[in-house]
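What Swiss-Prot lists as active site, phosphoserine intermediate is Ser101, and the listing cites sequence analysis. As annotated by Swiss-Prot, Mg(2+) binding site applies to Ser101, Asp242, Asp244, Asp246. Summarising the annotation, Swiss-Prot assigns phosphoserine to Ser101 and lists sequence analysis as the type of evidence.
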Amino acid sequence: MSRNYFGTDGIRGRANGLITPELALKVGQAAGLLFQRGEHRHRVVIGKDTRLSGYMIEYAMVAGFTSVGMDVLLVGPMPTPAVAMLTKSMRADLGVMISASHNLFEDNGIKLFGPQGFKLSDDVEKQIEQLLDESLDKKLAQSASLGRARRIDGVHDRYIEFAKRTLPRDLSLDGLRVVVDCANGAAYKVVPEALWELGADVISIGVEPDGFNINKECGSTSPEALCRKVREMRADIGIALDGDADRVILVDERGHIVDGDQLLAVIAQSWKEDGRLARPGIVATVMSNLGLERFLQGQGLELVRTPVGDRYVLERMLADGYNLGGEQSGHIILSDYATTGDGFVAALQVLATVQRLRRPVSEVCHKFDPLPQILKNVRYRSGKPLDADAVKSAIDTGQKRLNGHGRLLVRSSGTEPVIRVMGEGDDRDLVEEVVDDIVTAVGNAAAAA
């Protein structure tokens, strides 16, 4: 069965385009019906980020869930990992995060979590899609069995305490000047407060959401403002989260970016030395730099690769017993603490290492020299450009040209109509030639569709 709604990270699209109140209501009904298991009164936790359309989607989903007899617990703007944590903590049957993650305000999305706080499997999402295509009128609750909705107070404090508990009790951030960029998103209240409670000297940017400015020239996908602020304030470190705070990028005291691959290297080495790695290796995606793989090999650690998407990283971690994984983009999963990527908790693990070593972030967080990596995107309107013979030929030729001295990855995005072409290797000029040839072939195929 083809997936008409769900991508690699829930349902995502333009607000009042794909993501309409009608769809949100139907998702609430379908997911609510599917997760009403057992005889207890069923509950769902709903959180959101700060984009304007969040109100519209939130109320539509409340209508959907309550119409099938499920109670709704509204927590307001909260990080995605906080919603996952609260779903389990509140003994809910289901969790919902209304967010389009790092996208701009025009988009929105719906992420669903099971009762243990894990994202739903492909099979469960397919079951929801089947229900979305059916008429559910005859499955609605009777009048006396409709669900109730209420807003929950104190959830910010719950997440702050959860995050703080991931650090040793005797470790504080006293003496560290930290600039944090919350992307005008879901973490704008909780993360600065948590850092302050841990003893850091906190300078906050991206903490004035207005419904329109989420991820706009700020956050983990646009860290330039953070880099400038770190240098300006002579800070020790910068933390950039995205709109729903499930990914993080750091900036060292010189204003240089530390991406997800480097963060994985820092945490992996630290945890290995402390005996905290569950297995001698970590899990990352096919997008992680070959430099990370070589660094880990030097540490006696294995890099296990998965398809792109933090859910696939987590699935492999759980299946094979790893407790550290993530993506180059900054999704870092620490399964000892969280059931999904948690940008802030990942940042805290790095801050803990910095505090213990008492060395500058620039020395602690640049563990390897990344191989030159070229990533280009080709947008298309319709069809399947990757099925074109010319594209297949260009990919085959490119792989032969790299000949074991690099990697080539060509894939469709799981969240938008884009073909991503990534190449990396020791010879940057050769990699760029190979990528450009494939981009041209994909572009021609897309234009002919």
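Note: Cβ is positioned from N, Cα and C throughout, glycine not excepted.
Rounded to a whole number, the distance between the Cα atoms of Ser101 (active site, phosphoserine intermediate) and Asp242 (Mg(2+) binding site) is 7 Å.
Cα-Cα distance from Asp246 (Mg(2+) binding site) to the residue listed as 'active site, phosphoserine intermediate': 8 Å (rounded to the nearest whole number). DSSP classifies the residue listed as 'active site, phosphoserine intermediate' as coil under the three-state reduction.
When the Cα atoms are compared, Asp244 (Mg(2+) binding site) and the residue listed as 'active site, phosphoserine intermediate' turn out to be 5 Å apart. Non-local contacts of Ser101 (active site, phosphoserine intermediate) by the CB criterion (under 8 A, 6+ apart in sequence, same chain) comprise Asp9, Arg12, Thr80, Gly109, Asp242, Gly243, Asp244, Asp246, Arg247. Taken residue by residue with DSSP, Asp246 (Mg(2+) binding site) is part of neither helix nor strand, so it is coil. Just so you know, the Cβ of Asp242 (Mg(2+) binding site) picks up 34 other Cβ atoms within 10 Å once every protein chain is counted.
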